[in-house]
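Engineer: Pasting the relevant annotations from TrEMBL:
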type     : residues  : note
DOMAIN   : B:84-291  : domain 'ABC transmembrane type-1'
TRANSMEM : B:41-61   : transmembrane segment
TRANSMEM : B:81-108  : transmembrane segment
TRANSMEM : B:120-147 : transmembrane segment
TRANSMEM : B:167-187 : transmembrane segment
TRANSMEM : B:227-249 : transmembrane segment
TRANSMEM : B:269-294 : transmembrane segment
């Protein structure tokens, strides 16, 4: 299996607080990697660092072998131009924790915006493709609706379709179900499960341990900005070797 | 309008019969429509308001001092219409330049560059501090400060030179003064709209790789506009009426015409002021209607269901449309 995401020595501080403390992390291509851990453990920060929404203080990220957000210049890492970073991001899908679709644009307009602007896809083609994607997430009948007319689960599925529209090699999910009530969680997880079955590379920050157990190929447990342990779900979730992991999982059950 | 203060629930007349109930009576009550609470004081208050309105209208129409025949004579006089046209021109130009300047200043104030931020803050501080009338007089007398204006490299050689006298016609002074003033206020209106949009929208746009300019044009500004419109409409109406200040530069816009005609037609000041007043009311009403429809347009997506326009409601009530 080839490596899709590599994070090496990631450090991020907010004032005196070290959110990421020399994190090493890899996600393999075609796999679902779940990042779990208590609130404030740095999960979201790590995920956001992968597409440079959160610039690192030191350390680096590569996606499919390409450095993200920085380049090597005279033996140092230098931040790329805004434009170059935006170009890199257009190959990495990101689905947010909160439901932040663009409320003034219809569902289909939300989905076609990025392909048209960043990839120069002709509008007609983009619309056709958007409709296919919306059908895939079960929202064929909501193409012309506005986000506020949809339920939370439907909105999050549109957000996934919006991320998929860029045909990303990698999709990052930041607690995709945390804003949803339990009944709607299922809808979203089904879509993610389908993507996993199709071999999409995904990194998912999640509180849904059940989901991680079922869908993830690899689980990373983060605490206080450090990777405590990682491995296949059968090990990390069922027979954790580390005391802190046991404690965390014990609280959930 | 005032309505009656909330009363304790009326003594229920149903209580008694229900107590001594038969099954039949219960059955009957269950199938009866409930009589809604009456509001006699609302009707009384409405009647009082209507009587007062009628009195005011009567006073306006029957008092000879208003000289309605003179009003009719002046209302469409070419000299008045010329003034009206000038008012519209000044308002339109100052609104356009003011808004362009305001958007630029708002973006500067929100920029991460501390120099741009301070410059924008300073501009807004300065032009909000100077009364419009003082600013206009300053500009009208700017030849006392600078004799020539030139276009060229800052502090270096200049390519073109103008005599300040030629350039600063009163018309130009008025548009310039109004625009400078307007930009300072518009900047704050625009900025308030932009900061009212959730910052995660920018993040979502950035995550999709949309270029910065596109993030603002397509994602932030349309949403900000919804918050901007009511405040900016206020601003625009203020500007429309504010143009009357330029009469001190002896430019005859609507108010200037009214004022100058009143000084040569003795005894007609009241009808002339009414002419001005009614025209300002007409223009403000047009702006208010435009505001209504713009607000409606920009609330796409913000409301689940758009309310009907008054016109649609009228059609529906008249039975023309469903």
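Every residue gets a Cβ built from N, Cα and C, even glycine.
Give me the local environment of each listed feature.
Structural biologist: Tertiary proximity for the transmembrane segment (B:81-108) is limited to same-chain residues at least six positions away from its ends with a CB under 8 Å from its CB atoms, namely 116-117, 119-120, 123-124, 174-175, 178-191, 194, 216, 232, 236, 239-240, 243-244, 246, 251-258, 279, 283.
Sequence-distant contacts of the transmembrane segment (B:120-147), counting only residues of its own chain at least 6 positions beyond either end whose CB sits under 8 Å from a CB of the stretch, comprise 105-106, 108-109, 163-165, 168, 170, 173-174, 176-178, 180-181, 183-185, 187-188, 242, 245-246, 248-249.
Counting residues 6+ beyond its ends, the transmembrane segment (B:167-187) has Cβ neighbours under 8 Å at 90, 93-95, 97-103, 105-106, 109, 120, 123-124, 126-128, 130, 132, 135-136, 139-140, 142-143, 149, 232, 235, 239, 242-243, 246, 249-251 in the same chain.
Sequence-distant contacts of the transmembrane segment (B:269-294) (same chain, at least 6 residues past either end, Cβ-Cβ under 8 Å): 65-68, 70-71, 73-75, 80, 84, 87-88, 229-230, 233, 236-237, 240-241, 254-255, 258, 261-262, 309.
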Engineer: Taking residues 6+ outside the transmembrane segment (B:227-249), which of them lie with a CB under 8 Å of any CB in it?
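Structural biologist: Here the qualifying positions are 87, 90-91, 94-95, 98-99, 132-133, 136-137, 140, 170, 173-174, 177-178, 181-182, 185-186, 189-190, 192-193, 196-197, 255-256, 259, 280, 283-284, 287-288, 291, 294-295, 298.
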